[in-house]
2 protein chains.
Amino acid sequence: MSELRQNLATKEWVIIATERAKRPEEFKSRKEKKELPAFNPACPFCPGNESNTPGETLRISDDGGWKVRSFPNKFAALSKEGERRRKIEGIERWLNGVGIHEVIAETPLHNLTTALLPVENIELILGAYRARYLDILNDPRIELIIIFKNHGEAAGTSLEHPHSQLIATPVVPTQVRNRLEDAMRYFDDTGECVYCKMMAEEIKAKERILIETEHFISFVLYAALSPFHTWILPKRHTSSFGDITDEEIKDMAGILKNVLARFYYGLDDPNFNYVIRSAPTGGGVKEYFHWYLSIVPRLTKTAGFELGSGMFINISMPEDNAKFLREVRIPK
Amino acid sequence: MSELRQNLATKEWVIIATERAKRPEEFKSRKEKKELPAFNPACPFCPGNESNTPGETLRISDDGGWKVRSFPNKFAALSKEGERRRKIEGIERWLNGVGIHEVIAETPLHNLTTALLPVENIELILGAYRARYLDILNDPRIELIIIFKNHGEAAGTSLEHPHSQLIATPVVPTQVRNRLEDAMRYFDDTGECVYCKMMAEEIKAKERILIETEHFISFVLYAALSPFHTWILPKRHTSSFGDITDEEIKDMAGILKNVLARFYYGLDDPNFNYVIRSAPTGGGVKEYFHWYLSIVPRLTKTAGFELGSGMFINISMPEDNAKFLREVRIPK
């Protein structure tokens, strides 16, 4: 019989459907292996083509070249210029599209991916995330900063060059507001951060843990919305990704590479998204919310049921997923 | 410049990104046309193969054969048997997977789709939905009944034979709970059903309306989450799909066929999902909620931003989508 599980923090229910369950190895990506060149002259993010991506917002230099760069997205969903204007008229609740939409080119090399990058490089990427986050944090028009990565076509990217994106929105999205409210209720009821509680319980239960480092812990979610849905959570309670220290960045680079290498080698380089979920801007550290990074491999499709209920069906067992990923052998 | 719009009822914000906007005709499906046979001996839903789908829950007969049938899903996400049991232990919020998961075979013919079916046939399908809905409504283990259709591979189906599904869950999904609360707040503030209000405003604004019939109205949403995101809303206020009358079913069959024919001819038979959103079971008619049918063509992909914020980016203008669909010529 299948079962329903609820994520203690987000309150989302998922159906773990064992009737159609697959074994972890059945989720291996079947995409054709394509040998990519280290440099592609037609790629807008490759070195030499920087003039295609003007308005650089950050550059980590490397004799003559760069190691990490950020710049405005050419097809930005939101525009940097202008004041935030709101209109409420009949059913029209409207805001002009002010905000920030940037690309972070993660390395000059066209053919790498996080699992294969040197850990020092990942440290620079996370440092770039923090620098851009902190820079934007004080923009009074911005309510939320979302840093994310789309890897592979099924994850919504068309560009091969390793890159992440940042979108800063002039509103708090409804889903985020609802989650904050639920976390606040939990705090009111118990005096605890619900994410700290989840972390403590996962450490006790052990069976879904992938890896624990000095400052972070990574586990497949008890109520994983889809196969291999994984979080990386900082042990130190803070609601804002902007608070991450240098030491934590170094540690996080290691755990992020390790977890993504387990996906890369265990599931044959699957398409995936990751996203950093941080509290809305303003107001200092919130005791009831905790930032984290969520990784969602794109191995299945959503359909009418998910659209019509917001509830997911996961055709794999989180504990089996975790065991499988723990046993992946990562080449040195 | 792009703009942000909020759905008055669901409170969801969407970015209408005009920088990357496409014209409506650019969304035409590019899938290869495949001539399907009217009968496929290997199809489990085709006549003659009824023994592959045992436990029939409904049959609308037609001399010797059937016109519409429903039966348990062979790979059911939830199981019909057993009591609802709940476990709360540490972070584990758990329920056994009781519930109902059925398939509604919409016609014996393998190669049809709603846009091409005779309207009398669609009337029978909607009648079957209502019959199954009302039958399940009194099951005390059930909290919500979701009726949906997945059309085409990108919409999550692998079976060609025209069919819909019904899933009845033993919990109210979080997203549904949040929407009900927001609708209740609106009612408290204004004394009006927010969906009735939206309908009245859309009728006044005209520009997003696709078609209006005696009992229903269909429009592209002001804050459409994706291109051509459309609702069909009953004019009579009622929160439960189970309340639909025979006369309304007849009228709804016509409007559903008409709207889906606009998609079929205008966008070359796109993949789509539709879902009937109805209030949770029990407690009679709720004055603050209103049932409706939502149609989501699957023309774009979601990525890390949507995952990380619950907010969507729509690369088309709802008013342009509506104009395009209004102008589609449906062959007689």
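Glycine too: its Cβ is placed from the backbone N, Cα and C atoms.
Here is what TrEMBL records for this protein:
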type     : residues                             : note
BINDING  : A:Cys43, A:Cys46, A:His110, A:His161 : Zn(2+) binding site
ACT_SITE : A:His163                             : active site, tele-UMP-histidine intermediate
DOMAIN   : A:194-305                            : domain 'HIT'
Request  = Sort the residues of the domain 'HIT' (A:194-305) into helix, strand and coil with DSSP and give the three counts.
outcome  = 38 helix, 26 strand, 48 coil
Remark   = A correct count of other C-beta atoms within 10 Å of the C-beta of the residue listed as 'active site, tele-UMP-histidine intermediate' gives 21
Query = Given the Zn(2+) site residues A:Cys43, A:Cys46, A:His110, A:His161, which other residues of that chain have a Cβ within 8 Å of the mean position of their Cβ atoms, reported in sequence order?
reply = A:Phe39, A:Asn40, A:Pro44, A:Phe45, A:Asn49, A:Leu109, A:Leu159, A:Glu160
Request  = Taking the Cβ of A:Cys43 (Zn(2+) binding site) as the reference point, list residues of the same chain whose Cβ is under 8 angstroms away and which are at least six residues distant in sequence.
outcome  = A:Asn49, A:His110, A:Leu159, A:Glu160, A:His161
Query = Since the record lists A:His110, A:His161 as binding-site residues, which of them has the fewest other Cβ atoms within 10 Å of its Cβ?
reply = A:His110
PLDDT averaged over every residue in the domain 'HIT' (A:194-305) = 96
Ask   = If you skip the near sequence neighbours and keep only those at least six away, which residues in the chain come within under 8 angstroms of A:Cys46 (Zn(2+) binding site), Cβ to Cβ?
value = A:Phe39, A:Asn40, A:Pro108, A:His110, A:His161
